[in-house]
């Protein structure tokens with residue numbers, strides 16, 4: 001029994017070290033990213049980067065490189081006060097009409113109402129996989145870490161290392177999985193008052209502008225894909241890179257994380273496309289096979 005307990009402790013310790021410590025040291029914004037939209041809507045405050053939305057423009061930044069598999073972390077403090085109509089997004093995406101994409105979208109709300117976090121997954125250009133939840137803290141009062149873990153077995157969305165969504169590789173069921181296209185890392189803030197808050201019923205109040213989202217603690221640890229290398233060669237190299245993200249212990253959630261995901265779904269989820277019979281009279285095929 002002592003050997004079994006010791007072995008279990010070692011496995012758990014290994015998993016935690018891989019998950020938390022394996023990422024690169026925190027980088028400065030300019031080492032990994034650059035503005036790609038409205039550079040004049042950026043400001044810098046020590047290690048923090050601020051992006052603003054006003055009635056002239058939103059703003060966005062993108063990673064300088066693209067990656068295939070790995071983990072991306074960023075700490076974000078969302079727009080304070082009346083943020084209705086605004087959307088702050090943090091996501092990964094490849095290019096083209098058949099692109100893959102993993103989205104965090106933070107939907108603003110009127111003062112005192114909770115932010116809604118919407119996640120979505122696109123595979124080969126097809127999305128419509130939205131889930132929405134309320135967070136268990138106020139994301140406007142302090143920085144919190146939002147992460148995307150991507151390997152050949154799963155895509156995991158995490159908030160302060162708590163998994164809130166898992167999209168599992170079900171290729172053996174004939175369901176496509178995103179593992180053949182390099183993806184950039186992006187964030188943006190924009191006006192989406194035609195849909196973002198209460199289905200578009202609450203519009204952006206521009207008297208509260210500018211709306212500011214702040215970022216810090218940028219980390220990307222993944223298989224970097226040179227633009228001079230073909231997509232197929234990058235896919236082959238990254239699939240066989242032996243990165244920590246593809247170790248067997250990372251192929252699925254551990255027991256503690258599974259319990260965390262169950263708790264999130266039970267207490268904070270407010271919408272799941274899998275349960276929306278109005279949009280999907282027939283249950284989407286991937287919904288029949290895995291928790292995500």
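For all residues, glycine too, the Cβ spot is worked out from N, Cα and C.
No curator has checked TrEMBL annotations; they are predicted automatically.
Summarising the annotation, TrEMBL assigns active site, nucleophile to 101.
Sequence-distant contacts of residue 105 (active site, proton donor), defined as residues of its own chain at least six apart whose C-beta falls under 8 angstroms from its C-beta, comprise 87, 88, 89, 91, 117, 118, 119, 120. According to TrEMBL, the active site, proton donor annotation covers 105.
For 20-215, the entry in TrEMBL reads domain 'GH16'.
Long-range neighbours of residue 109 (N-linked glycosylation site) (same chain, six or more residues apart, CB within less than 8 Å of its CB): 83, 84, 115, 116, 197, 202. Positions annotated as N-linked glycosylation site by TrEMBL: 109.
Residues annotated as signal peptide in TrEMBL: 1-25.
Residues within less than 8 Å, Cβ to Cβ, of residue 101 (active site, nucleophile) and separated from it by at least 6 positions along the same chain comprise 91, 92, 93, 94, 120, 121, 122, 127, 183.
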